[in-house]
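**Q** Below is one structure. I have some questions about it.
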Amino acid sequence: MNIIDRFKEKILSGELISKKEAIILSKENVDKLASAANDIRMSLCGKKFNLCTIINGKSGRCGENCKYCAQSVYFKTDIEEYNLLDSESIITSAISNYNSGVHRFSVVTSGKKLTNKEIDIVCKTYSEVQEKCAIKLCASHGLLNYEELVKLKESGVIRYHNNLETSRRFFSNICTTHTFDEKINTIKNALKAGLQVCSGGIIGLGETMEDRIDMAFTLRELNVDSIPINILNPIKGTALENQEKLSYDEITKTFALFRFILPEKQIRLAGGRALLNDKGERLMKSGVNSAISGDMLTTSGIKTFDDIKMIKELGFEV
């Protein structure tokens, strides 16, 4: 039995692989690794595919200096800037997405965190969404504390999103205005508040494969529910506008490794896949079982109708 199959069988028997074993796997053939990751997904997660959409609920003028982000005040980009969206716009979007077949809907806002007044406004909006449609609500409002997260939970939010972005080791290379530990604390507080957690990161920032593996193991330790993996889309004006893009093999290997490390979780294809020539179809055969559909925060995405068609053709149930 080869190394890939040996570790696959270990996972299917109920054990978890170690970081050392993940690094060994990272040296293996990408196509064989992807096929095994798909076997793990099929055996442990089945055919169900989870689709979510996001809306940019507050855009630009962010005081954080994340090098990849078009919304940071540190960079001169062409993105639209606006304050918190009105409730009607958010509710209309939620209902529209629900009617298109999406399972989850998230409001994502720029900035380190929302103000108390803004939290009260979005909580009222979430309650109104729940009265009008059955879509599952997610939220991404920055580094909130426990009490603020409890408010979200009480308003109908089921899952809180807060990306680690990368490994602890590499984090200070992409952001210095907040810390990796602040993110960890937010995730722990969300779990304590009774919320599910969606947390992943961005690949292609200049990090190593070991950094990605480290991030995956941190997420496993935190026991998050959904792991969105974004592929860097270098945006003109940001510090990473000239960052070299990852090869599709490198991207595929990363997604497959995340399935090996987090065998029963939602490995979610997120931003950047519109850059891929097959819109991520290869990744959906490499361990992925969820995706963000539609537009991203500041870049165009893939229409939900087209996503559902492709996902069903691949044998998934949406």
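Numbering starts at 1 and runs along the chain as displayed.
Keep in mind that glycine also has a Cβ here, set from the backbone N, Cα and C atoms.
So Swiss-Prot says this about it:
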DOMAIN    44-273  domain 'Radical SAM core'
BINDING   CYS62, CYS66, CYS69  [4Fe-4S] cluster binding site
BINDING   SER106, CYS138, CYS198, ARG268  [2Fe-2S] cluster binding site
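For each feature listed, report its degree of burial, its nearest neighbours and the pertinent distances within the displayed model.
**A** In the three-state DSSP scheme, CYS66 ([4Fe-4S] cluster binding site) falls into the coil class.
Taking the Cβ of CYS198 ([2Fe-2S] cluster binding site) as reference, residues of its chain lying under 8 Å away and at least six apart in sequence are, in sequence order, SER106, CYS138, ARG159, TYR160, HIS161, ASN162, VAL224, ASP225, SER226, ILE227, PRO228, ARG268.
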**Q** Which residues of the same chain, at least 6 positions away in sequence, have a Cβ lying under 8 Å from the Cβ of CYS69 ([4Fe-4S] cluster binding site)?
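**A** Same-chain residues close to CYS69 ([4Fe-4S] cluster binding site) (Cβ under 8 Å, separated by 6 or more) are CYS62, PHE75, THR238.
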**Q** Around ARG268 ([2Fe-2S] cluster binding site), how many other C-beta atoms are within 10 angstroms of its C-beta?
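**A** A 10 Å sphere around the Cβ of ARG268 ([2Fe-2S] cluster binding site) contains 22 other Cβ atoms.
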